[in-house]
Amino acid sequence: STMRKRETTDSPHSSTDLSEGKEKLRLKQEVGLISGVSLIAGTMIGSGIFMSPEWVLHHMGSPASSLLIWAVCGLLAMFGALSYAELGTIIKESGGEYIYILRTFGSFPAFLFAYTSVILVRPAGLAAVCLSFAEYAVAPFYPGCSSPQVVVKCTAAACILLLTIINCLNVRLATSIMNIFTAAKLLALLVIVVGGLVLLAKGQTQSFQNAFQNTTAGIGAVGVAFYQGLWSYDGWNNLNYVTEELKKPEVTLPRAVMIAIPLVTCLYLLVNVSYLAAMTPSEVLSSGAVAVTWGWMLCCELFKKKKVLGRWAWLISLSVALSTFGSSNGTFFSGGRVCYIAAREGHMPDILSMAHVRCLTPSPALLFTSAMSLIMIISGSFTSIVNFFSFIAWLFYGMTISGLLYLKIKKPELPRSYKVPIIIPIIVLMASVYLVLAPIIDQPQIEIFYIVLFIFSGIILYFPLVHFKCHPRFLRRVTLHLQLFLEVAPTTRDAN
């Protein structure tokens with residue numbers, strides 16, 4: 001059958017099971033509605049809203065068209081999340097796109113996704129968020145000049161190591177940090193919104209006169225603008241990565257989506273209006289850190305005193321750094337689960353499917369994700385990572401949504417507690433096809449060819465290691481020693 005039957009047995013390498021004869025390990029269901037909303041909103045609100053507005057405006061050419069892109073991105077994120085909510089109530093397993101592709105299309109495409117996501121996409125996304133955190137965190141120490149790249153990258157690496165410790169220790173600790181930082185970043189965005197409304201009330205509306213003038217019409221430029229905008233909304237699907245850790249997932253998943261994404265969309269639109277109220281489009285485009293520039297402009301207008309500018313710049317930098325740290329925590333929390341679930345299904349080394357015997361966290365998968373992210377930090381930059389991350393992400397989003405359409409048409413009898421109108425996943429699928437093809441057609445880049453080549457290089461590993469199960473004998477011994485060293489053991493999925 002198309003829906004692959006779940007295996008209820010343990011890992012085939014039972015010799016490495018330290019919990020033999022005892023109660024099996026299982027990740028706890030610690031994520032409720034509030035934590036679910038925080039995971040979605042807290043991950044979405046990160047570096048994007050503080051760094052992407054200038055790039056969206058750059059590619060679109062006019063304030064009104066850039067605001068339109070932000071609104072459409074929010075609508076698309078909402079449609080995608082609602083579609084994923086139905087998938088999450090049909091297939092109640094963690095792993096997001098990976099598990100949905102596996103259950104609908106089979107092992108080979110699921111392996112390609114896991115291979116690309118675990119090695120490239122998730123570590124790259126985490127690296128980009130941590131790099132932006134580092135940019136804002138060190139900015140106050142280098143007033144009037146750009147921060148040294150070695151300092152920025154070392155700070156980003158320290159952020160990843162701290163997140164690794166937090167997420168390996170306790171799931172409840174990680175979700176509590178998400179809740180706290182989500183509340184803090186919502187407060188920071190509200191400050192920006194209120195400041196913008198004050199400026200509008202004082203008559204600062206120059207940016208909104210002839211607002212559509214100089215709008216770009218090229219499909220490639222619009223596609224790249226969508227990449228930058230959608231980067232700020234990335235995280236709308238994060239709750240699907242931890243479905244097995246949700247309390248009442250059939251209720252929590254749809255409700256959290258319907259609360260978090262409209263809230264974030266409204267805030268993003270108001271924040272962009274605030275930026276344009278404080279700055280002209282040319283000032284936005286020339287700003288390296290638009291939120292910090294906004295603080296300077298607001299002070300100039302409200303206080304007319306230059307001596308307070310440094311103080312405001314420090315506060316804005318701190319707010320953005322805290323916001324981005326919270327987002328990176330959510331990205332790390334969900335990203336490690338993809339690696340963990342893929343290993344549990346036999347698509348990654350067995351050690352990555354295990355959990356700590358006391359902390360009950362997938363610590364090997366988290367450590368692996370951390371190591372790959374550190375490599376990305378050494379070699380990557382924020383803008384390049386965002387564009388290529390978005391290309392790969394929407395390629396697999398489209399595949400996942402096509403799986404939902406298949407299930408709605410061919411398997412309508414499958415039990416589900418929530419159904420999305422079929423027109424919504426159709427719109428998301430059309431958008432994903434556009435976002436993948438538009439930049440290739442209009443502005444082809446050799447880097448995209450390299451990405452596609454990397455995805456299909458997984459074929460070299462799939463057939464010997466997964467299909468034919470040609471596992472070198474020494475790997476079992478390595479797995480055993482790593483189990484003892486890391487104090488981990490195999491886990492079982494929830495029988496429900």
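Yeah, the Cβs are placed from backbone N, Cα and C, and that goes for glycine too.
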Listed range which TrEMBL flags as transmembrane segment, given the options 97-118, 295-316: 97-118
Same-chain residue ranges lying at least 6 outside the transmembrane segment (154-174) that approach it to Cβ under 8 Å: 27-28, 30-31, 126-127, 130-131, 133-134, 137-138, 245, 325, 328-329, 332-333, 336, 356, 359-361, 363, 366-367, 370, 373-374, 377
The transmembrane segment (31-52) vs the transmembrane segment (388-407): 3 or more CB pairs under 8 Å: no
Ranked first among 64-85, 97-118, 256-278, 388-407, 447-468 for CB pairs under 8 angstroms with the transmembrane segment (180-201): 256-278
The transmembrane segment (419-441) in contact with the transmembrane segment (64-85), cutoff 8 A, at least 3 CB pairs, sep 6+: yes
Cβ-Cβ under 8 Å with the transmembrane segment (64-85): same-chain residues at least 6 beyond its ends: 40, 44, 53, 56-57, 96, 208, 211-212, 215-216, 222, 225-226, 229-230, 232-233, 236-237, 240, 253-254, 257-258, 261-262, 264-265, 268-269, 272-273, 397, 400-401, 404, 418, 420, 424-425, 427-428, 431
Contact set, same chain, for the transmembrane segment (447-468): CB under 8 Å, 6 or more residues outside the stretch: 107-108, 111-112, 115-116, 120, 346-347, 384, 388, 391-392, 439-440
